[in-house]
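S.K.: One structure, as structure tokens, below. Some questions next.
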Amino acid sequence: HAAFTVAHEIGHLLGLSHDDSKFCEENFGSTEDKRLMSSILTSIDASKPWSKCTSATITEFLDDGHGNCLLDLPRKQIPGPEELPGQTYDASQQCNLTFGPEYSVCPGMDVCARLWCAVVRQGQMVCLTKKLPAVEGTPCGKGRICLQGKCVDKTKKKYYSTSSHGNWGSWGSWGQCSRSCGGGVQFAYRHCNNPAPKNNGRYCTGK
């Protein structure tokens, strides 16, 4: 959840509005739910995290050269930890950090798909979730860990951690014109999903 919040706030720094803002609704129509720039972050649709409003706004921002400062190389590279976060904090500890020390893992749930945390209230077990999976590397069975939302044999960690660069998919069809009379615009979209970048692989460049 922290990663989504950080991405959301960076979006504001880059000039992005909330998806339900007046600007987005006037220019791109009805609000799209479960996107990173939603005014309330609950769950994110990982297959399409950015709304049309966000995609168009950030594209215009970068095309105008306002993002050139992001190209500066860091003075010093700070290597990340070799261990996955779930190897440091198991599912029970994640429940403690998310909800409080009295919480434990809700039994019978697939923590790799969604982490449910249990607490006893008035003699009954209650399970709560932030609608997010346990972090990468969380133990999910004997010799198994969570990787990309699945419970897999931990020997496959190298396969899941191998980088691959993204490549553009096919263009979609043109959308409706933004105006019925006079000058307007039409949009067509393609996605960086052929394949999608993985494990710090480069995102597609160009338009």
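Just so it is clear, glycine is given a Cβ too, placed from its N, Cα and C backbone atoms.
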S.K.: Please work out, from what Swiss-Prot records, which of C24, C69 forms the disulfide with C53.
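M.R.: Among C24, C69, the record in Swiss-Prot lists C24 as the disulfide partner of C53.
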S.K.: So, in Swiss-Prot, which cysteine from C112, C117, C177 is disulfide-paired with C146?
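M.R.: According to the record, the bonded cysteine is C112.
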S.K.: In Swiss-Prot, C106 is disulphide-linked to which residue out of C95, C127?
M.R.: C127
S.K.: Would you identify the secondary structure of C24 (disulfide bond) according to DSSP, in three states?
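M.R.: Going by the DSSP assignment, C24 (disulfide bond) falls within a helical segment, counted as helix.
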S.K.: Just checking, which of N96, S180 (glycosylation sites) has the fewest C-beta atoms within 10 Å of its C-beta?
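M.R.: Ranked by other Cβ atoms within 10 Å, the glycosylation sites N96, S180 bottom out at S180.
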S.K.: Looking only at the domain 'TSP type-1' (165-205), how are its residues distributed among DSSP helix, strand and coil?
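M.R.: For the domain 'TSP type-1' (165-205), the helix, strand and coil counts are 0 helix, 1 strand, 40 coil.
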S.K.: What is the nearest of the recorded positions H12, H18, C106, C140 to C146 (disulfide bond), using the Cα of each?
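M.R.: Nearest listed residue in space: C140.
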S.K.: Would you mind splitting the domain 'Disintegrin' (83-164) into helix, strand and coil residue counts from DSSP?
M.R.: 21 helix, 26 strand, 35 coil
